[in-house]
Every structure is written in C-alpha cells, then in structure tokens.
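**Q** The structure follows.
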Amino acid sequence: MFSWLGNDDRRKKDPEVFQTVSDGLKKLYKTKLLPLEEYYRFHEFHSPALEDADFDNKPMVLLVGQYSTGKTTFIRYLLEQDFPGMRIGPEPTTDSFIAVMQGDVEGIIPGNALVVDPKKPFRKLNAFGNAFLNRFVCAQLPNAVLESISVIDTPGILSGEKQRISRGYDFAAVLEWFAERVDRIILLFDAHKLDISDEFSEVIKALKNHEDKMRVVLNKADQIETQQLMRVYGALMWSLGKIVNTPEVIRVYIGSFWSHPLLIPDNRKLFEAEEQDLFRDIQSLPRNAALRKLNDLIKRARLAKVHAYIISSLKKEMPSVFGKDTKKKELVNNLAEIYGRIEREHQISPGDFPNLKRMQDQLQAQDFSKFQPLKSKLLEVVDDMLAHDIAQLMVLVRQEETQRPVQMVKGGAFEGTLQGPFGHGYGEGAGEGIDDAEWVVARDKPMYDEIFYTLSPVDGKITGANAKKEMVRSKLPNSVLGKIWKLADIDKDGMLDDEEFALANHLIKVKLEGHELPSELPAHLLPPSKRKVSE
C-alpha cells in the first residue's frame, strides 16, 4: 500500500553510482549541495557557485608574496622559459594576476574575455568588476610543465595604505577566491630582506581556512651566510607563529629558485635537498587532484550547512510586523550567542563557523525579511551526501589511482633533477662508485679483510652468529642490520664470504653517514665474483 515510502527509503540508503570522480563531484554538487546554497543565499556571503570547469581544471599553484620576493622568477625557473606578460625587476613589477596556462600558441587573453570562457575556471571572477578584470590576464604557452599544472602569479603585496585603496578591488577577497580553488598556495619570502608587512599579515590571515594547502619558500637564501640564514629562518618561524593560528609547524623550504650561479655556495647541498622536497610536493599535485576537489567539496558542504542554520535562526528571531530594524541590530550584535546556540543544538564544531566579524559586516547590508526558515529536507539531502555518496566517491578515487598510470609533473626544472649525474643524490651513499670501472668496496676491502679473518672463517665463509658480533658494533638497530644482511648475503646461504662481508661493512658505512639503504642491491655494488652468477 505504501510502497512509495519503501522506495524513498531505499533511494536514501543506496549511494549513487558514478563513472568518474569528476562526474560524481559535478552531479553531487548540482543535485544535492547547490539547492541548499541557493535557498539560503550562500553565494552572497561566502563563495560563488561552482561550475563544471572548477571540477575539470588541472591542479593550480598560487604564488603569494611581497614585491620582489621572486614570484615571477620562480615560475620562470619551473618552466625554464619566459611567458607572455612576464616582468622581472627589483621594483614592484607584476601589477596583475597572471594565470600561466598551457596553450598551443603563445599569447595573452585579457580578463574580460577570460571570464566568459566556459572552459576556464574563472567565470565567477566577473563579480570583482572591471577594476580587477583590467588587472587579470591569462598567459598561454606550449610548455611540458603546464600540461600537468597551471600557475597563478599575483601582484607583489606592498606596505602602506595607498596600495590597498588604489587597487580598486578587494585584493584579499580575490586571493581568498583563488585559495578555495587551487591545490597549493606557496608563500614566498626574501631571505635577504625578511619583512612581513601588515598587509601581508592580513592576506595570510584571509587564507587561514586553507592552511593544509600552504607551503612557505624562503627564497634568495644564497645571498646570506649559514649563520645569518639560521637567524633569518628563526625570525621567519617566529613571525609566522603569530600569524598562522595552527598548532602544526608550517613546512618551510629554503633555497634559491633561479638559474644563476649561487652567490654564497656554502649551503648548496641543503638547497638541493630542499628543492627536491618542494618539487616532489608539486609533482604529487596531479595525482592528488581528485582527492583535493573531494576534500574542498566536503569543506564547502559543512560551511553551507552551518550557514543554513545561521540564516534560519535569524529568520526565526525576526518579528513579523513591528520593530524589525531594532531587532536586526540586536541579532547582529548578538551573533556570537547565536553561534553558541547552534553549536550546542546541532553538535557542530566551532571551526566550521564563518568568521564572526565578517559575517556581522555582511549581515548589516542584508534584508532579513527575505531570509528563509529551516527546511530540514535540504539539510537531510546534504547529510546523506556526506554520509554515503562521498564514501562511494572515495572508493572511486582509489580505483582511479590504481588504474591510471602515475601522474607527475614533467618538463622544465623537474626534468633536470630526475636522472644523470646532476640528479639529486647521484654518486652519493649507496650510489657512490656508480660510474667507476672498479668495484667501489674494493677501496676499503683490505681493512675489512683483517676483521674477516679474526672471525674464524670456515671454507672461506663466516657464520651469521660471528658476523652479527661484528655488525652490532655499529650500534645500528637490528631492523637496519637485518636489511643490510639481506642485501649482503647474495647467494642466500646464511653465511658471508670475504666479499659479502666487505659489502655488509660498506652498507653499514653508508647508513652511518646518514644515507638511506637501497631496497635492492644496485648492480655496481655486486661483488665481482658474484656478477657472473647473477647474470
């Protein structure tokens, strides 16, 4: 009789089936989250509605910093070529937002044309008006790096009130719009003249909901000596600790990101290691792009739910006829109490609420009579999406990761550090002697042989027990020594001959010098007598 009730129930329990993560995100947003956003005017308070291009676009990297910290030079270093509209100098040069993207031919697309292109994820930027669009361009060029990622260059942040007023648009709001949609935010600081102006502090605070995307680069570190670099690094961490309100330590990369010779090469190895870490982080973006979009949708859904509770609470408190203006002022002033009540009634985390001061400012300009009462059905749909459909998409994300080839950023500066003698760590640690004709272990073998013959070899081999007595003198943990034993015991007979023993000691030396052990023994470390056997 009431079969339609059962059908509705079943529909609720069974999550939707999607072909790809991107299609799933689009469908969930349009059918389940967007109706809630529109009903409670979410877009007027927080963020414009998402479009298909927001789900389809490549990973984006946003560069933010004060003027002359090396933002544009950093992009030039990554791409290993100039891009249209690029200007570099010690004075404030970049006066526009430049989206550096892949294109078949080099050229510049002006802002007004860019925001009407449905294939680009910038259509909603038209809300910032002509003052901004005249300062926004897209630089297109064919480049291998840009096949995997896009980079957003921003105007340098200046000190003083004039730069804030004379821009003609809300600079912090534009940055926040980009921060919501990019995969990585890189804050650049100049090690040679470390300074965090009030404007820069405000910008960092505006990005506070996106700390998980933030990385810090202390650039131009080759201009100062080691002792000064330590002081500058300490000062930077102290300053950031006051601005970024997070208990976790933000990751700071130290280096000199340009293609000129290092001015002070004392810390060359440090810079190389830091550059590799940063490059690995950027290279992982295409692989994690779907997960990032999923994470951002969840974050947006949680904010939309809280916003719905706030708006419906304000509607409920408003009188129907008299004293509306007085009540409106009272409600805005007591918004903190409303936050507290919603938090208790609906068990919502305080971190999910929008900024109190900003919300109060926005509410002053709103007509409360146009607000809508609580509509439980809309909220239930979003709750159902978070509980069931998102879990389904998480499974799909993992499936796509395993089925597709590993996606990495290639070309430009990423290419020069992967292989060959200038690859990171080439010829060091277990890689030492990779290009030598002679077996690298042979250099120290006479010393190892002296120890070997004191360990009572039988038929030219020592037992595992005797080898252990000598190997534990290194004070390395048993787990590490066990791995060294597996690598050195090439014929797997549970004993070591003189060459295998020398190899084990060589690997111990590699580990004690701070290098990682290989998972498999490299060909150049194979003892000469064992090479024919392995072949």
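Cβ from N, Cα, C; glycine included.
The structure displayed is predicted, hence computed values, not measured ones.
Heads up, here are the entries from Swiss-Prot:
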MOD_RES   M1  N-acetylmethionine
REGION    65-72  region 'G1 motif'
COILED    198-227  coiled coil
CROSSLNK  K315  SUMO cross-link
MOD_RES   S349  phosphoserine
DOMAIN    444-532  domain 'EH'
MOD_RES   S456  phosphoserine
DOMAIN    476-511  domain 'EF-hand'
BINDING   D489, D491, D493, M495, E500  Ca(2+) binding site
CROSSLNK  K511  SUMO cross-link
**Q** I need the neighbours of the Ca(2+) site defined by D489, D491, D493, M495, E500. Which other residues of that chain put their C-beta within 8 angstroms of the C-beta centroid, in sequence order?
**A** K461, A488, I490, K492, G494, L496, D497
**Q** If I take the alpha carbons of M495 (Ca(2+) binding site) and K315 (SUMO cross-link), what is the distance between them in whole Å?
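**A** Just about 81 Å between their Cα atoms.
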**Q** Tell me which of the recorded positions K315, S349, D489, E500, K511 ends up closest to S456 (phosphoserine) in space, Cα to Cα.
**A** E500
**Q** I need the nearest neighbour of K511 (SUMO cross-link) among the recorded positions S349, D489, D491, using C-alpha distances.
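**A** For K511 (SUMO cross-link), the spatially nearest of the recorded positions is D489.
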**Q** Are there any residues at least 6 positions away along the chain from E500 (Ca(2+) binding site) with a Cβ closer than 8 Å to its Cβ? List them or say none.
**A** A488, D489, I490, D491, P527
**Q** Using a Cβ-Cβ cut-off of under 8 Å, list the residues of the same chain that are 6+ residues beyond the ends of the domain 'EF-hand' (476-511) and lie near it.
**A** 429-430, 432, 440-442, 444-445, 448-449, 451-452, 457, 460-464, 467-468, 517-518, 520-521, 525-530, 533-534
**Q** Summarise the domain 'EF-hand' (476-511) as counts of helix, strand and coil residues per DSSP.
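**A** Here the numbers are 25 helix, 3 strand, 8 coil.
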**Q** Enter the number of other CB atoms within 10 angstroms of the CB of S456 (phosphoserine).
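**A** Result for S456 (phosphoserine): 9 other Cβ atoms within 10 Å.
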**Q** As a test of reading the model: what is the averaged pLDDT for the domain 'EF-hand' (476-511)?
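**A** Over the domain 'EF-hand' (476-511), the predicted model scores a mean pLDDT of 91.
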**Q** By DSSP assignment, list the helix, strand and coil residue numbers for the region 'G1 motif' (65-72), in that order.
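**A** Computed counts for the region 'G1 motif' (65-72) are 2 helix, 2 strand, 4 coil.
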**Q** I need the most crowded of these recorded positions: S349, D489. Count other C-beta atoms within 10 angstroms of each C-beta and give me the top one.
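**A** Comparing the recorded positions S349, D489, the most crowded Cβ belongs to D489.
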**Q** Just counting, how many other CB atoms are there within 10 A of the CB of D491 (Ca(2+) binding site)?
**A** 13
